[in-house]
Amino acid sequence: MARGRIRARLRRGHLYTFSCLRPSATEEGPHSIEGPGYSRIVHCNQPLMHKRRPLKYRSNYISTTKYNFATFLPKALYEQFHRVANLYFLGAAIVSVSPLSPFSAVSMIAPLAFVVGLSMAKEALEDWRRFMQDMKVNTRKVKVHKEEGLFGNKQWQQVQVGDVVKVEKDQFFPADLLLLSSSYEDGICYVETMNLDGETNLKVKRALEVTLPFDEDEAFKNFTGIIKCEDPNPNLYTFIGNFEYDHQVYALDPSQILLRDSKLRNTAFIYGIVIFTGHDSKVMQNATKSPSKRSRIERKMDYIIYVLFSVLLVISLVSSVGFAVRTKFYMPDWWYLQPQNTDDYYNPKKPVVSGVAHLVTALMLYGYLIPISLYVSIEVVKVLQASFINQDIQMYDEETGNPAQARTSNLNEELGQVDTILSDKTGTLTCNQMDFLKCSIAGTAYGVRPSEVELAAAQQMAIDLEDQDAERSTLPRQKGKQQEIELETVVTSKDEKDLKSPIKGFSFEDSRIMKGNWWKEPNVDVIMLSFRILAICHTAVPELNEETGSYTYEAESPDEGAFLVAAREFGFEFFKRTQSSVFIRERYSASGQPIDREFKLLNMLEFTSKRKRMTVIVRDEDGQILLLCKGADSIIFDRLSKNGRLYLEDTTRHLNEYGEAGLRTLALAYRKLEESEYSAWNNEFQKAKTSIGADRETMLEKVAEMMERDLILVGATAVEDKLQKGVPQCIDKLAQAGLKIWVLTGDKMETAINIGYSCSLLRQGMKQICITAISSDAKEVVKENILMQITNASQMIKLEKDPHAAFALIIEGKTLAYVLEDDMKQQFLGLAVDCASVICCRVSPKQKALVTRLVKEGTGKTTLAIGDGANDVGMIQEADIGVGISGVEGMQAVMASDFSVAQFRFLERLLVVHGHWCYKRIAQMVCYFFYKNIAFGLTLFYFEAFTGFSGQSVYDDWYMLLFNVVLTSLPVISLGVFEQDVSSEVCLQFPALYQQGPRNLFFDWYRILGWMGNGLYSSLIIFFLNIIIFYDQAFCAGGQTADMAALGTAMFTCIIWALNCQIALTMSHFTWIQHLLIWGSIVTWYLFLLVYGMVSPTISGNAYQILVEALAPAPIYWSATLLVTVACNLPYMAHISFQRCFHPLDHHIIQEIKYYRKDVEDDRMWCRERSKARQKTKIGFTARVDAKIRQLRGKLQRKQTSLETLSPITPSQCS
């Protein structure tokens, strides 16, 4: 403890590992830094020098918002007028100031300003929230060197290139730093890079030896230096630069670089120089700009607007031609209009001018065909839908206190149309926690607790056997079968709470080897050796918890942590590590007293994705040299000696069983070494270790292969990867809903594959296609080999005859770099789409975004990306929908997302329930909007044609103003907010209902044109039936005929009744709110007529007392309203009746079952319908359980067959 600082006794740089055995910077010599891409110069501890050109670098301020104060107005206006309808109404508002307008300028400009202003206000509010979250990051504090060796707090956004910063334990790095020194004497520090690559295991970073003396504040009083390095780039795993100090030049590599948004762990503090700031940092270089996303329905609405605008143009042309003809040929005879004194707009001598002028008038008059209130109504509906998502208690996480959050409401309906989900792994699917569950030692299986897969299989078998019992006669034999299955799958009477282990990482149960009982087992030596392998063969560092007195372990992987906890529980506690030894405390010894044993660490050969094994060579207290190895069974079994295969058959059988149970397995082996043999090998190893050249790694691998042979198998382990709560069930439900799931992770391939098994994206029997890049300097050779692998795999899938065969595609980031190029990406996508699951490993954040873009653009279907770290921001922004996990490690993913949830399992409800509802609500709402506007707008055209294309409206101006604002707007909003075809429980029970969204059943052109046709039919009925009824007919008791005001009011009454009854027929789910708004709208119409008629005639005009004196007393008014309303809705009623009877949709059948309470009275039928409502899938928990069920049934069948072959023993035979 020098100068009160924490010192570490362990100098991990002295361990013999593949990752650490690299020449130091001084051995390699400085890099040649020249040419484009290597122009950055950093003056250490002199930040002011970077404020002027050519060294003026970006500030450390970051922004993830769409707008800023300067760009908000132009960009937001562009977004609004990117919508075709708004653009049309802008033109209409401009023309409204001219004499050609049939309406006042205010009546045209005010609605447009209201609609656009409301939408822009919503955008501003959502972007303000992003801005505030950015400010939380920008205003974080970090200690920065000011002058004379004094450090003070500065906000992150004030940190500059060249600053010396001091970062303390559990803080994030504010920028990309060069590590100078740490609280450890040898300048190492531990870094968690979860926000960058998704990995939670700690990385070791190491400072240059020349900067180690700078280990306290005062040391920086006169410190200067120069860094020359690469320019900002998105490559997380590379760095090239030189450090010039004290007239010497030292090479820099990634092991000295600390990246922004990484976290300092298990290290008291570090000092570093700021190299890249803000958007120049590597994590921000991997980010993409916040895109402006629009849903597919909204984009399709533009095309519908085009259609309606075409209709509007046609009828306006017809109207203008008709007006021009009448002006030319009839106007001279209409003396009362004084044609000789008229202006050019009505001049019989200039019919073309009159026609063109009337075209403008007609375009504005028939503008009700284009629903201006559609967009604002959708905005209101989406905001209310988003509030329901935010307040859904079923998506509230009690542990973190985080609810689901719709950060933007623009994409609600997109949630119901997702085809492919692209998910991060660590922190999204997993909690990165392993539980030691079972083991096989000396051919004996230990561990009686079932895995999650075994439990689910047993439960499903029990349900299936109950169904068989009900369908067939109940036999005692069936009961025996069920009991036998339950015994074989070790399902006990314990409930879920009993099954939970109080020890993190250890869920093992077996009294035979717990609490030292393994001393009573045969093969005690082998058992002891297995536990020692677990306690010695690792790279972990122990930490004493002073409160509990027990040790915790900082391991490079959660597997290692679980093995060390298991070894501790079995009585072999790893409690100390030095640079040359590992110390184990054996609690259960022959003497009965704990014994501390020291094992001298001679060599360590680390686990890599290529080696798939880890080996340590140690010397025990008796001087015996032991090689201890753990690794993949296929690798270990190939290296066994002839004498080392004693337990091979039994261990192989146990490993297969563990694999079928969804567990991750490793084999354990050892070998005793002679002194001379080890010395000779170690000399070769030291030569390879100290060599400098491109073939150094290859030499090391060859030397390792020489020693890792003639092993003796001792056993195997099985750990259960702890996924986040509900992840397998969620993936299973999403798969049944027909969604495809890709996993994009920064983890190594083995880890990703094991997670794939854990969450049932992979399973036993699934054929794995691994696309890998060969080692070659020729790029074309590598690409040709990859293309050949893709072609062969695609051909294999096409030739596969088994309909139940499933394929999984697994590819690494290095290979993806080639595959994502333009000349190969379509072949790769074609192969990926044919596979049941896709796992991409070792991918950078940029590659995640590129893969997401490829799937989105290549398939043309809706993609959803979900992740929890800064490394997921790119794909979250690139996908059609981005979902962030609001976990404990930063909020970068949430800040960039469209929706956020606390855990992956909530994605099921977000999509299958809210997505399904929102899609159907918006689709039906938009279709209804076009229906009502066509039904209303075309009546204006009919009347104008009926009155000689005069440009006269049959309706009072106040009627037209209230039509969209009050009388028909609230019911359609209630449709968009409260409509439910089925309840949330039914949505989850019948996941196949979700496919109505991806198949776009409710917003395809067939349905859209059908609603338009319904609107056309209704407009014809409303206009012509009213004309027939009221034309030349006695309207009042006094014999008077109806005037234009009475006809217009009667027609408008029919419109209000017909449209509101139509929306009532459209709804499947009613609350008091819908009843209030639908029938209240009709009542409001009559109240308005009553009040409006009582207003002075100077305001009400021809509508004065129209309801009280003219319409209400006339029976023909009420009978016409009833007749027209029924006639308008009759075809729709006939259509839905025919559809429900002969071509019902899934939700129609469910609604009928629920209506007749068959789900309660006939549970078997309900279960049968539920089993039908699953998309056929080859991934997910159900598919895996089915495989387990087939295995159990096979066992039962074999036992039953063997019993039946035995001849029965009769009493006579016994005697």
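From the backbone N, Cα and C atoms, a Cβ is placed for every residue, glycine too.
A TrEMBL annotation is a machine prediction, not a hand-curated record.
As given in TrEMBL:
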- Asp424: active site, 4-aspartylphosphate intermediate (ACT_SITE)
- Asp424, Thr426, Asp868, Asp872: Mg(2+) binding site (BINDING)
- Asp424, Lys425, Thr426, Glu560, Phe607, Lys630, Arg664, Thr745, Gly746, Asp747, Arg842, Lys848, Asn871, Asp872: ATP binding site (BINDING)
- 42-109: domain 'P-type ATPase N-terminal' (DOMAIN)
- 894-1144: domain 'P-type ATPase C-terminal' (DOMAIN)
- 303-325: transmembrane segment (TRANSMEM)
- 356-378: transmembrane segment (TRANSMEM)
- 929-946: transmembrane segment (TRANSMEM)
- 958-978: transmembrane segment (TRANSMEM)
- 1008-1031: transmembrane segment (TRANSMEM)
- 1043-1064: transmembrane segment (TRANSMEM)
- 1076-1095: transmembrane segment (TRANSMEM)
- 1115-1134: transmembrane segment (TRANSMEM)
Listed stretch, out of 356-378, 1076-1095, 1115-1134, that has the most CB pairs under 8 angstroms to the transmembrane segment (929-946): 356-378
For the domain 'P-type ATPase N-terminal' (42-109), the number of residues DSSP places in helix, strand and coil: 31 helix, 3 strand, 34 coil
Maximum Cβ pairs under 8 Å to the transmembrane segment (958-978) - stretch from the list 303-325, 1008-1031, 1043-1064, 1076-1095, 1115-1134: 1076-1095
Subset of recorded positions (Asp424, Gly746, Arg842) lying within 10 A of Asp868 (Mg(2+) binding site), CA to CA, in sequence order: Asp424
Folded-back contacts onto the transmembrane segment (303-325), same chain, C-beta under 8 angstroms, at least six residues removed: 84-85, 88, 351-352, 354-356, 358-359, 362-363, 366-367, 369-370, 926, 930, 933-934, 938, 941, 944-945, 948-951, 1008, 1012
Asp424 (active site, 4-aspartylphosphate intermediate) CB neighbourhood, other CB atoms within 10 A: 28
Confidence summary for the domain 'P-type ATPase C-terminal' (894-1144), mean pLDDT rounded: 88
Asp872 (Mg(2+) binding site) and the residue listed as 'active site, 4-aspartylphosphate intermediate', Cα-Cα, nearest whole angstrom: 7
Which listed residue (Phe607, Arg842, Asn871) has most other Cβ within 10 Å, given these are binding-site residues: Asn871
Integer Å distance between the CA atoms belonging to Arg842 (ATP binding site) and Asp872 (Mg(2+) binding site): 13
Under 8 Å by Cβ from Arg664 (ATP binding site), counting only residues of that chain that are 6 or more apart: Met434, Asp559, Ala718, Val719, Glu720, Asp721, Asn754, Tyr757, Ser758
Protein Cβ atoms within 10 Å of Asp868 (Mg(2+) binding site), excluding its own: 32
Neighbouring C-beta atoms (10 Å sphere around the C-beta of Gly746 (ATP binding site)): 29
Cβ neighbour count within 10 Å of Asp872 (Mg(2+) binding site): 33
